[in-house]
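Here the structure is laid out as structure tokens; the discussion comes afterwards.
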Amino acid sequence: MTTDTSGRTGAPAAAAPAERFRYGFLKGNPQLTKNGELKHLLTIEGLPRAILNQILDTAEQFVSVTDREVKKVPLLRGKSVFNLFFENSTRTRTTFEIAAKRLSADVINLNINASSTSKGESLLDTINNLSAMHADLFVVRHASSGAPYLIAEHCAPHVHVINAGDGRHAHPTQGLLDMYTIRHYKRDFTKLRVAIVGDILHSRVARSDIHALTTLGVPEVRAIGPRTLLPGGLEQMGVRVFHNLDEGLKDVDVIIMLRLQNERMSGALLPSAQEYFKSWGLTPERLALAAPDAIVMHPGPMNRGVEIDSQVADGPQSVILNQVTFGIAVRMAVMGIVAGTND
């Protein structure tokens, strides 16, 4: 577990090597072609600012598709998108499916529980068989960190892979839609204070957000949470660590709340949900400590009365539902960009 013996506000947290912030599965950057184009989206870490801006700019063009009578563009007509969700999801899978269909792709949702993997077939055998069916794009969610990397390394050359969340490692499209939301409301990343609050240790969203925020030039990123829920390595990326919510929220422009990921916890890291809310829940009173025009975000699913008060979640500074709307456009942008590249 992470510990910090200094007791100072803003002091870095220490952690065992297994809990360090950075992951590394393959050498180099397997996401890019030899021409520097995006072939796969596996993680935000290591991507240049130009590619992040390309995705955000492309997403901006797709936002208006939602308001059309016919909500389709022909960009991926004739392409086959396979949603491979080895881990349960409703929101992410649905938005990927909507995004692919709005790009005119054919979408196949694989029922993992009834698939060959539950009959003993290996992950790579499954991927090879699906590649032989002339799949063009795999959208992969998996409980094991690094699974999308393995698939990208071994799938057929014509197949593109998008990571829809792997273990505690990364959730790049969530990170990108968070960046789109921030840019939509705040415009200039270089003048912001952004706070990420809660279970950062187990959060792949937090990792993706921090990599994106630092790449896009945010001058102050704060990680706020109990000592047991903060990973080591944050300070090496320039992140300020706070163990007091009131102090950490002071004057911030963006607040990203995270749920407790009890399914990824081993052992008793926290007291009850009620006690957690008393110390770490975002209430109207605590929100008042932030900048007057601060926005409140949450990747979902929300646990009201645990990490966030309903008055805040439903209040005028909340942009949580807009994140969901923007997520479709961002995933359209990612699929359109990767499926249009050639190695």
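Note that Cβ sites are derived from N, Cα and C of the backbone, with glycine treated the same way.
The 10 Å shell around the Cβ of Arg91 (carbamoyl phosphate binding site) contains 13 further Cβ atoms across the protein chains shown. Among the features that Swiss-Prot reports, carbamoyl phosphate binding site is placed at Arg91, Thr92, Arg141, His171, Gln174, Gly300, Pro301.
Look at Swiss-Prot and you will find Lys119, Arg204, Arg259 tagged as L-aspartate binding site, backed by sequence analysis. Arg204 (L-aspartate binding site) carries a helical DSSP state (H, G or I).
Those residues of the chain, other than Arg91, Thr92, Arg141, His171, Gln174, Gly300, Pro301, with a C-beta within 8 angstroms of the mean position of the carbamoyl phosphate site C-beta atoms are Ser89, Ala164, Gly165, Val205, Pro299. Between the CA atoms of Arg259 (L-aspartate binding site) and Arg141 (carbamoyl phosphate binding site) there is a gap of 19 Å, rounded to the nearest whole number. Cβ packing within 10 Å was compared across the binding-site residues Thr92, Gln174, and the lowest neighbour count falls to Thr92.
Residues near His171 (carbamoyl phosphate binding site) in space but far in sequence (CB under 8 A, at least 6 apart, same chain), listed by position: Asn163, Ala164, Gly165, Arg204, Val205, Arg207, Ser208, Pro299.
Counting other Cβ atoms within 10 Å of each Cβ, the lowest count among the binding-site residues Arg141, Arg204, Arg259 belongs to Arg259. In the three-state DSSP scheme, Gly300 (carbamoyl phosphate binding site) falls into the coil class. Annotation for the binding-site residues Gly300, Pro301: lowest Cβ count within 10 Å of the residue's own Cβ, Pro301.
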